[in-house]
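Here the structure is laid out as structure tokens; the discussion comes afterwards.
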């Protein structure tokens with residue numbers, strides 16, 4: 001499996017150690033998966049706490065200085081107050097000659113139970129046909145351990161550490177990373193002051209087989225469009241035909257947003273989208289992406305575009321607008337002949353570099369107010385943007401990406417796909433904004449790992465080769481520094 | 001109060017009796033209101049049964065032959081099986097020289113409790129400033145008793161009965177008149193064989209002060225428009241911008257139905273709407289209708305039309321289209337960045353004479369399929385009409401209306417408004433279709449009675465003068481026959 005032709009003897013020694021200790025690494029993953037560290041369900045919060053302590057112990061065993069930072073508590077919608085799990089900050093090595101790489105991961109998981117449709121117990125790591133099934137196997141306990149395994153390998157072989165390590169491990173990622181951004185801000189001048197690079201390994205390859213590096217994600221600007229005619233819902237027999245129905249206004253407003261080809265109709269919205277460079281366009285050609293598989297995954301008959309390049313461009317680096325639904329109108333099965341008095345349309349724009357959130361907001365508001373004013377409706381219109389998450393984009397020419405590309409070539413024998421994510425990755429953007437350091441998403445899981453799904457897994461291959469990948473990356477980033 | 005200048009001595013005798021027995025009539029209403037005959041809440045079904053027995057006793061005391069017809073039972077959505085209250089069929093008089101008038105009313109009520117915002121106990125009839133407050137006072141126990149009081153007056157005064165009476169009194173009107181249509185069909189050749197006219201007194205005047213006769217109502221054609229792209233909802237980050245979103249298709253379809261002036265955009269939909277005659281147009285001029293009051297009642301800033309005539313024409317005799325909501329899309333507060341896979345839009349057309357339901361259905365389906373095909377969407381479209389209730393229209397030149405107009409002039413000193421209802425009145429249409437007899441809605445409640453609302457009332461004036469109105473009507477219909 002390993003393409004060792006171009007590997008150095010140091011790499012060969014490291015890789016042999018990793019291969020020889022596969023069972024130990026899998027045993028560690030089995031122990032971590034056994035902890036039901038579900039951060040979503042309140043009654044399991046103590047298991048998340050226990051998991052944080054295990055992660056802290058594991059880092060301490062590497063020789064790292066470990067700080068469990070208390071983030072206080074949070075209140076649930078039902079009024080219950082729960083403690084937040086501490087964030088683990090770890091440091092290993094302080095050689096000023098070495099670059100300092102900070103790794104972020106999380107050890108909390110999504111809910112899972114056998115009855116959801118799992119073939120095996122979700123909290124008992126089970127190997128079947130080379131796959132390691134268990135909740136958290138790929139999201140994100142496996143990758144966190146792969147990083148730790150890689151550091152551990154250097155330590156076990158008594159090799160000089162090629163980099164200084166920092167670790168940020170949290171236990172609330174699946175519940176919105178509560179308190180994390182505040183902690184990053186607070187640690188900006190201290191913990192992060194000497195960090196050169198940030199690596200996040202909390203996503204997947206685009207393909208089942210081909211490695212990838214993730215260098216960008218779209219943002220998410222969410223909009224509410226509220227139209228109101230009065231205080232109470234009305235009977236469609238008694239008022240149908242004589243009033244300006246708010247839902248008719250709203251539907252006309254929503255219908256003005258996108259045409260049937262998927263093109264957003266808001267004037268100016270594409271003006272500041274970063275121009276597509278020739279280099280960037282070429283980078284799409286080699287990406288492994290099975291259109292048919294992707295189509296089957298979502299179950300639609302046909303995409304808006306016919307080629308891999310067009311699909312990926314529209315998923316990653318062009319904005320899209322989706323309408324999610326309407327609050328206040330009749331939504332149950334059956335018939336209710338009501339004229340809703342106040343309706344709120346919900347839509348979002350996945351915006352891309354270099355779209356400015358405040359400009360997007362202004363364009364949306366002006367467009368909707370323009371459409372509304374043409375209707376001469378006496379109703380009240382209110383447009384708001386309750387959430388605006390920015391896109392994230394790294395420079396693929398950063399040393400971080402060079403090192404990761406070389407390590408991938410060494411371990412997997414091929415160049416990684418350079419990919420983005422159509423979804424928003426708040427943690428990447430958060431690290432980039434707060435620390436102003438170069439950020440890379442460095443996945444080791446495959447596209448079919450089923451994160452958040454039943455039968456989540458990481459393959460033994462990806463887990464072990466991923467450990468090698470991180471070790472090789474340490475050597476490469478050290479060499480490039 | 002009574003304009004007796006044109007009254008006959010017989011009428012004067014009758015009206016004096018009614019005035020003298022006000023307290024008795026109000027005592028009867030108090031007894032009926034005290035029965036919590038709520039047909040909506042299952043645990044009160046036995047009270048409905050008790051109410052039916054009281055109504056049957058009251059008719060029997062008039063000397064009527066009474067038949068309590070068992071309608072079997074029905075199943076609630078939760079699986080519970082409940083007995084249906086019997087329908088009371090009563091007959092009084094069989095003189096072949098007399099016309100036979102059948103009266104329909106119901107003695108079940110909508111739910112009510114003090115905590116809903118009533119100023120008085122809803123089941124204790126309470127007189128304040130000339131108004132009799134209590135659940136069922138106007139809907140529909142008061143009018144049923146007014147009819148019985150009128151018959152009782154002839155009996156008490158030992159007068160010759162001017163008409164033969166039939167009574168249909170049910171206890172499930174507020175829960176959809178379950179089983180009634182089947183019963184009418186079964187009794188078509190027997191109970192209804194010698195009925196000449198049908199009078200329903202289960203609605204309100206258009207005004208607080210001016211009497212009215214109701215001669216028509218709009219129908220209700222309900223439509224479901226379903227658009228589906230696949231089996232599961234999708235993530236707007238992962239699929240936004242590359243698929244034809246079903247909700248975008250649906251919103252375009254819904255937006256094609258009505259323009260901003262309220263005009264239905266479905267080709268041909270107005271083709272068969274009955275032409276407005278000059279006589280009909282003139283009849284709108286004298287109708288008492290306070291636009292400002294109506295606007296305040298619904299709370300909108302402005303109607304689509306500026307004059308009383310335009311408003312009433314569009315409420316009563318032109319079709320309207322209302323959109324009620326969408327099933328399958330996100331409808332809760334907050335944000336969910338989902339692309340719903342299957343959405344169902346719900347709208348209804350209040351259709352009018354002479355629109356044919358099957359033609360309307362065909363026009364709607366063809367229009368939506370045409371709009372959809374222009375979008376080149378690969379999604380699945382399904383349009384259906386799960387409910388089609390026909391409009392009802394009587395001929396205001398029928399003897400029934402002539403007699404009611406004369407009786408109104410006698411009792412109230414002015415001609416009644418001839419009105420329609422924008423809502424659907426299934427029971428009027430049902431009686432007309434099944435019996436093929438002339439049907440009239442003959443209200444005695446005022447526009448501000450608050451049927452189905454808190455503090456429902458009938459005024460002492462309307463209850464007592466309504467009793468006189470029915471008595472005068474018996475004489476008039478007899479004279480015209």
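Each Cβ is built from the backbone N, Cα and C atoms, and glycine gets one as well.
Given the structure is predicted, the values throughout are model-derived calculations rather than measurements.
Per TrEMBL, the features are as follows:
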| type | residues | note |
| --- | --- | --- |
| ACT_SITE | A:108 | active site |
| ACT_SITE | A:173 | active site, proton acceptor |
| BINDING | A:106, A:139, A:202 | Mn(2+) 2 binding site |
| BINDING | A:139, A:174, A:452 | Mn(2+) 1 binding site |
| DOMAIN | A:217-371 | domain 'Peptidase M20 dimerisation' |
| SITE | A:235 | site 'Important for catalytic activity' |
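What TrEMBL annotates, mapped onto the structure for a quick look.
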{"residue": "A:106", "record": "Mn(2+) 2 binding site", "DSSP class": "strand"}
{"residue": "A:139", "record": "Mn(2+) 2 binding site", "DSSP class": "coil"}
{"residue": "A:173", "record": "active site, proton acceptor", "DSSP class": "helix"}
{"residue": "A:202", "record": "Mn(2+) 2 binding site", "DSSP class": "coil"}
{"residue": "A:235", "record": "site 'Important for catalytic activity'", "DSSP class": "strand"}
{"residue": "A:452", "record": "Mn(2+) 1 binding site", "DSSP class": "coil"}
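Nearest to residue A:173 (active site, proton acceptor) in space, judged by Cα atoms and limited to the binding-site residues A:106, A:139, A:202, is A:106. Around residue A:139 (Mn(2+) 2 binding site), a 10 Å sphere centred on its CB holds 26 further CB atoms from the protein chains shown. Checking the recorded positions A:106, A:174, A:235, A:452 against chain B with a Cβ-Cβ cut-off of under 8 Å leaves A:235. Local packing around the recorded positions A:108, A:173, A:174, A:202 was summarised as the count of other Cβ atoms within 10 Å of each Cβ; on this measure the leading residue is A:108. On a Cα basis, residue A:106 (Mn(2+) 2 binding site) lies 14 Å away from residue A:452 (Mn(2+) 1 binding site). Mean pLDDT for the domain 'Peptidase M20 dimerisation' (A:217-371) in this predicted model: 95. Scoring each of the recorded positions (A:106, A:235, A:452) by how many neighbouring Cβ atoms lie within 10 Å, the top position goes to A:106. With respect to their backbone Cα atoms, residue A:235 (site 'Important for catalytic activity') and residue A:174 (Mn(2+) 1 binding site) stand 43 Å from each other. One way to see the shell of the Mn(2+) 2 site is to take the Cβ centroid of A:106, A:139, A:202; the remaining same-chain residues with a Cβ within 8 Å of it are A:105, A:140, A:143, A:144, A:173, A:174, A:451.
Taking the mean position of the Cβ atoms of A:139, A:174, A:452 as the Mn(2+) 1 site, the remaining same-chain residues with a Cβ inside 8 Å of that point are A:109, A:110, A:136, A:140, A:173, A:451, A:456.
Between the CA atoms of the residue listed as 'active site' and residue A:174 (Mn(2+) 1 binding site) there is a gap of 7 Å.
Recorded residues residue A:174 (Mn(2+) 1 binding site) and residue A:106 (Mn(2+) 2 binding site) have their alpha carbons 9 Å apart, per Cα-Cα distance.
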